[in-house]
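**Q** Starting off with a structure, shown below.
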Amino acid sequence: MSMDSIVSNSSGYDQSVDWVPLSLTFVEYPKGDVFGKLLALFSLTPFVILSGFVSLILFRRDLHTITFFIGVLLNEICNTVLKHILREPRPLARNTNLLYSEYGMPSSHSQFMWFFASYMLYFTFIRLQYANNKAFKEFFWKVAGAASCIAIACIVSYSRIFLQYHTWKQVIYGALFGIIIGTVWFTIINVVLTPYFPTVISWKISELFLLRDTTLIPNVLWFEYTNIRHEAGARARRRKSISAKSQ
């Protein structure tokens, strides 16, 4: 009987099985390089955004957020297909090869971030329309939000080059594919899908999952704030009225 068999029988586990790590957030950076560590942290931004999508979908149930997230998934599928078609290797062969795809063209991080940034740019300046008199203030926040998305996309893209996960060419092509797919998907949602949102939310399954369409609401935050404040005030007045009658 082999030693592996003895260990397997004594522990109850098969020690001869090869274990492959699933390390989606694993990022290497040069030891002692603070700047490299900071860029490694920035390269985790796509996972933060994905977590935000899941939270928004679970708690807001908005059709536009759901279709936006579907676009993110389609963008990732396109990236995987392109990598296996182009089959261009990464610039640095690392010791932990099992953690990564051997293909680097185009950069998935770059494509993800520029898909998100381009979509948010269109959404901010085309979709968001506020009906109030604070035009300059709203424009300022639009510009600040769009500039932040572009800046983060640039930092994440550069981090992939600095940490030697991708070449400049792989990152640039990833950004181009992300912008193209983001533009196409934004057009599909606003031109093709949005007109059907009222029909979708009228379905029984949409009522079951509490799906909603906020397309025609100019400022969702202000709408929710005013309605919640109005409802809270109405409930407070009813409680006072009941209390006065009981006395």
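Just so you know, glycine gets a Cβ as well, placed from its N, Cα and C.
Summarising the annotation, TrEMBL assigns transmembrane segment to 38-59, 112-130, 139-159, 171-193. According to TrEMBL, the feature domain 'Phosphatidic acid phosphatase type 2/haloperoxidase' maps to 65-186.
What's the neighbourhood like for each of these?
**A** Within its own chain, the transmembrane segment (38-59) is flanked in space by residues 24-25, 27-29, 65-66, 68-69, 72, 109, 112-113, 116, 152, 155-156, 158-160, 162-163, which lie at least six positions past its ends and keep a Cβ under 8 Å from the stretch.
If you average pLDDT over the domain 'Phosphatidic acid phosphatase type 2/haloperoxidase' (65-186) in this model, you get 86.
Below 8 angstroms of C-beta separation, residues 45-46, 49, 68, 71-72, 75-76, 79, 138, 142, 145-146, 149-150, 152-153, 156-157, 174-176, 178-179, 181-183, 185-186, 190, 218-219 of the same chain, each at least six residues beyond the ends of the transmembrane segment (112-130), sit close to that stretch.
Note on the transmembrane segment (139-159): residues 39-40, 42-43, 45-46, 107, 109-110, 113-114, 116-117, 120-121, 124-125, 128, 171, 174-175 of its chain, located 6 or more positions outside it, place their CB under 8 angstroms from a CB of the stretch.
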